[in-house]
Amino acid sequence: MFKIIKKSIEWGGRTLSLETGKIARQAHGSVVVNYGDTSVLVTVVSKKKEENVDFLPLNVQFIAKSYAMGKIPGGFFKREGKPSDRETLISRVIDRSIRPLFPEGFHDEISVVCNLLTYDTVNPPEVPALIGAVAALAISGVPFHFTIAGVMVGCDENNNYILNPSVQEMKASSLDLFLSGDENSILMVESEVKELSEENVFNAIKFGHEHLKPVIKLIKEFADTIGNKPESFAPIDASDITQELEKYGKDFEKAYSQTVKQERVQALEAIRENILNTLKETGKDEKLITYAVKNFERSLVREIIRKKSVRIDGRKHDEIRQIEVEVDILSKTHGSALFTRGNTQALVVTALGTTQDEQIVDDIEGDRREHFMLHYNFPSFAVGETSAARAPGRREIGHGKLAWKAIHPVLPDKSEFPYTIRVVSEILESDGSSSMATVCGTSLALMDTGVPIKAPVAGIAMGLIKDKDEYVILSDILGDEDYLGDMDFKVAGTSEGVTALQMDMKISGISFEIVEKSLEQAKAGRLHILEKMNAVISEHSDDVKDHAPRMLSFYIDKDKISAAIGSKGKNIRSVCERSNAKIEIGDDGKVSVFATSGTEAEIAKSMMIDSITELEQGSIVDVKVVRIEKSIVELEFLNGRKGKMHISEVANEHIDSIESVLKQDDTFKALVIDFEKGGCPKLSRRRVDQETGEFFEGELYNEERKDGPNDRDNYYNNSFSRKPGGSHHKRPPRPRSGFSNRNRPKFGNNDSSSGFY
């Protein structure tokens, strides 16, 4: 029934296998990739496009369902919802790797679906998913004429490169690099780097590329065994229209020389509309005209840049656009910056929060918490277009993650700066390189906020114009240069090294020479941008803003954690309510206090420390009235513990009733004078100066006060010895003033700070 074909090799100390012919047989291409114990099913289906379009409708989906990790989804419905950010990012990596390999003019609809079948939590699925996508395309019959592969590279503490590092190895790695390419060139790069030099990054790329070759050979052998040849594809022939476009060359050249984007766009649209109307009258097809005009513009601009050494806006190849930097532009935010580079502008705003504000991420490696979030927004008005507001798409998620990778290596340890940090980048104008403007703006905003980042970070996008063996590398590309060029190579980092890379190609790869020169030219541009940024702010503010939350932390004994939290959280809740602060207690005994002011934070700290201090005679505590009886007041400490006070200890003068002095929910300071046999504290209000919190010493009572059946002697001697028959023997009366030796506080240690809240 099944005609199974399987090929495998040993690669990076694990077995990599490709298999087809057993499952998903109705797809045009179906491959199961196993690497270690991670397994991915990749299917490819193509469909002829009924309408002419001028783009490749390629849809790549990576799907990781929870059963692959042996889990049941959370939530009410118990099934997967929208794709996670991790799934979206893996889908983008695969898309960016394979999209340049389809022939120009091929516009059939292609669907590539990568289903994660099993995940061993050791071997990340990115590599087998990309390998499976290439293998499935190779046997599907679509015109896909290049064979590539993907690889991950890490770097250990001894600067040794690691091929396809495990999840645990990657956690300790100073490099997280994913690249794809064929036998001779590099096609796509995605990386987070901990300030490594350009030389180290370049060597890592060469290391990874060398280990691609066995996999490329495996895919070719696998496809040859299947024997499905790619269908023939004839490119669109628009040569007759192209000849008629030559007379518009000067008009296009003049329009592209406009440095202001809006003026350039308007001039180009006017020329295109004129051409379309003119050629349609001759009977030419509108879609064919549009296709020819697009290619004509591309060839014209590329030739001008390559031969005349002048770019669209008149800059030199390595020249950076004008930069304007402002910080603290939004008065009531925790931090803000406005970064403008040419016609690209990013408003970046920060907000600080507590551990409770951390993002809970349901990742394929398991749930984790992120204390640093970076969200990138790209509204339609940024490019002068109209569009309804929508949820963030793949592009926004990808650009935000790239900026996150660029900033993450320079963030302080959480022990040094325990705030949760959210950064939002609002792109207000865009003419290329908005993700790198986000990187620059984020670095500025974090320093304005007072986040002690290790060094400022800047980013730059590099472009490429290549014709056979001739090429020109462009620094800080415009949107049109990205659209008409061959490469978009984003490099971010500090003055000491690289922190993030992202390279996308529109051609079938570039040489190592171009990669190396691009990194060198990017460094020069990055240092120039950092110089402009440092002229405005080069170090983080000494403290967070006055209106930002204040934080302090301290440690308590682990055996005190339960008391600090209290029964059902009563103690910590009470301290938070009374101090107007947020308090978080870790398993290691670390207590983090967040408040709107430093004073409130210190009050909360004092309350929390006092609430777990052991009660003893002589302690002064804060209490609240919870119940009043005829001669007894029931009091409550902040931690929920109860105590009692006799009417005789309410005031230093005779009172007829407790209600004449106290009422429900009153709070005051009281002295612990004794404990009942059951441990219930006996308290006194009259023995504490309510203004200073100090003990009263000496004569406290009016000698003429009237004793009655509920006098203080009865209270202090209410530990009766009961005889059979119910009679009681009363203890000898205590002195009418001062303390008995048994109840005398330890006045040598009567500092109110030793109290119990």
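Including glycine, each Cβ sits where the backbone N, Cα and C put it.
What you see is a predicted model, and the numbers here were worked out from it, not measured in a lab.
Features as listed in Swiss-Prot:
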BINDING   D482, D488  Mg(2+) binding site
DOMAIN    549-608  domain 'KH'
DOMAIN    618-686  domain 'S1 motif'
REGION    703-757  region 'Disordered'
COMPBIAS  703-714  compositional bias 'Basic and acidic residues'
COMPBIAS  725-734  compositional bias 'Basic residues'
Where does D488 (Mg(2+) binding site) sit by DSSP, helix, strand or coil?
strand
Within the domain 'S1 motif' (618-686), count helix residues (DSSP H, G, I), strand residues (E, B) and coil residues, in that order.
6 helix, 33 strand, 30 coil
Let me make sure I understand the structure: which of the binding-site residues listed (D482, D488) has the fewest other Cβ atoms within 10 A of its Cβ?
D482
Going by DSSP assignments with H, G and I as helix and E and B as strand, what are the residue counts for the domain 'KH' (549-608)?
32 helix, 17 strand, 11 coil
